[in-house]
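What follows is a set of notes on a single structure, which appears directly below.
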Amino acid sequence: MAQFFKPKKKASVNTKHQSVDVVRLDHNGAGIAFVDKKPVFIEGALPGEKAIIQFIEQKKQFSRAKLIKLAQKSEKRQTPICQHYHECGGCNLQHLQHEEQIVAKNEKLQELMKKQGVSQGEMVQPIMGEELSYRRRARISLMLNKQTNQLDFGFRKKQSKAIVNVRHCPVLVQELDQHLESLFTLLNQLKGKKHLGHVELVQADNGSVLLIRHVADFNEKDQQALVNYCEERNLILYLMPEADVLNHVRGEEPFYLIDGTKIYFTPKDFIQVNRNVNEQMVEQALSWLDLNENDSVLDLFCGLGNFSLPLAKKVKTVVGIEGVDEMVQRAKLNAERNQLSNVSFYQANLEEEVSEQVWASTKFTKILLDPARAGAAGVMETVAKLKPQTVVYVSCNPATLARDSQLLIQHGFKLTRLGMLDMFPHTGHLESMALFER
């Protein structure tokens with residue numbers, strides 16, 4: 001007899017309102033309560049609060065719940081600065097006082113290291129910048145609303161593809177925020193507005209950059225309107241008709257300064273969004289490395305040379321390794337433009353075996369890593385085998401930092417300093433820096 005597949009029925013969710021006590025924050029900034037010894041994650045709730053919740057997801061190991069109301073509020077709660085806060089998917093901690101965000105992130109960093117059995121050494125003061133007007137980069141989503149024939153212009157809603165219409169963003173630098181209203185008006189006047197993909201705004205040290213992604217060519221009138229708009233406001237304009245095609249239409253080539261070094265970039269390239277914190281981060285990393293003129297330094301995940309180029313001004317040689325070849329080529333050009341002949345850049349996938357690479361058998365006295373959220377598991381064995389005196393690890397994910405730290409410690413390194421970087425105020429994102437010494 002044929003057997004027919006019967007899908008399992010989805011477990012029903014208990015939607016009855018329930019009162020819980022919030023005890024702490026998770027690493028993304030959600031409140032955690034416990035019901036029948038199982039953690040319940042509640043977006044928008046703070047430790048010390050009594051919350052009325054409604055379950056939206058119940059699994060064997062954990063549950064998620066919606067915050068209905070607060071029966072008891074934390075004294076650390078504040079009114080969010082942004083009118084779009086409860087819809088927009090950008091910030092998720094504006095309801096917590098900024099100084100308490102720092103405390104919570106510091107505690108989370110230490111907790112994750114302890115959980116992995118990593119002895120943390122000295123906990124240094126966090127690197128901080130402005131609480132607001134700190135983001136020098138924004139990606140603005142666009143969608144033609146067929147009912148109104150107007151563009152939805154703003155940021156994605158939380159856990160949704162829908163767009164929150166935004167004309168002011170308090171965490172954007174003022175130089176970019178001031179253009180949102182007029183840019184919305186301009187784009188809505190274009191005949192080809194239905195062919196728009198998204199817009200990116202980037203603040204360089206030599207001007208504001210506007211990138212427009214479009215899926216069909218602009219007619220002559222639309223293109224001239226864009227150029228006129230940028231000329232009136234002295235904006236650097238790029239058009240992107242395809243994902244891998246970038247046309248520089250007007251303005252200078254953008255750059256930012258770090259430690260007196262000009263780093264040129266395109267709006268496709270990764271740069272740190274927080275200028276102030278980035279400058280302090282580079283300064284601290286160079287200080288922790290305790291550099292001298294005879295040092296040879298390996299910079300892994302080097303990007304455009306954010307660390308490599310300032311390093312090259314202080315040591316004998318620097319080798320930078322980056323996975324994206326376009327950024328490697330720009331890093332080389334940046335070195336030439338800054339007349340730095342003692343730095344070399346190579347392309348390599350640092351998630352794969354690298355022991356056969358030429359640089360992997362070179363003697364380095366110091367190593368710096370700045371990997372993406374996935375961490376540097378693929379290259380940590382090589383780092384340890386190179387036996388540098390010092391390793392500085394800059395991390396945007398404390399969980400992978402804690403994991404990768406274990407391997408260095410197994411090879412005789414000690415974690416001597418650890419510090420948090422407040423790169424993204426009002427969000428759950430946690431950047432950190434760790435110093436390992438042999």
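Even glycines carry a Cβ here, placed using N, Cα and C.
As recorded in Swiss-Prot:
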type     : residues                                       : note
DOMAIN   : 10-69                                          : domain 'TRAM'
BINDING  : CYS82, CYS88, CYS91, CYS169                    : [4Fe-4S] cluster binding site
BINDING  : GLN272, PHE301, ASN306, GLU322, ASN349, ASP370 : S-adenosyl-L-methionine binding site
ACT_SITE : CYS396                                         : active site, nucleophile
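Sequence features annotated in Swiss-Prot and their locations in the structure.
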| residue | record | Cβ contacts under 8 Å, 6 or more apart |
| --- | --- | --- |
| CYS82 | [4Fe-4S] cluster binding site | CYS88, CYS91, GLN94, CYS169, PRO170, VAL171 |
| GLN272 | S-adenosyl-L-methionine binding site | ASN278, MET281, ASN306, MET423 |
| GLU322 | S-adenosyl-L-methionine binding site | PHE301, CYS302, GLY303, VAL328, ALA331, PHE345, TYR346, GLN347, ALA348 |
| ASN349 | S-adenosyl-L-methionine binding site | GLY323 |
| ASP370 | S-adenosyl-L-methionine binding site | ASP299, LEU300, PHE301, CYS302, GLY303, ASN306, PHE307, VAL394 |
| CYS396 | active site, nucleophile | PRO371, ALA372, ARG373, MET423, HIS429, LEU430, GLU431 |
Would you identify the secondary structure of ASN306 (S-adenosyl-L-methionine binding site) according to DSSP, in three states?
coil
With DSSP helix as H/G/I and strand as E/B, how many residues of the domain 'TRAM' (10-69) fall in helix, strand and coil?
0 helix, 34 strand, 26 coil
Can you tell me how spread out the S-adenosyl-L-methionine site is, meaning the largest CA to CA distance among GLN272, PHE301, ASN306, GLU322, ASN349, ASP370, in Å?
21
Could you tally the C-beta atoms, other than its own, that fall within 10 angstroms of the C-beta of CYS88 ([4Fe-4S] cluster binding site)?
20
Cβ neighbour count within 10 Å of CYS91 ([4Fe-4S] cluster binding site):
22
Across the whole of the domain 'TRAM' (10-69), what does the mean pLDDT come to? Round it, please.
93
Check the DSSP secondary structure of CYS396 (active site, nucleophile), expressed as helix, strand or coil.
coil
Within 8 Å of the Cβ centre of CYS82, CYS88, CYS91, CYS169, which other residues of the chain have their Cβ, at the recorded [4Fe-4S] cluster site?
ILE81, HIS84, TYR85, GLY90, GLN94, PHE155, VAL166, PRO170, VAL171, HIS426
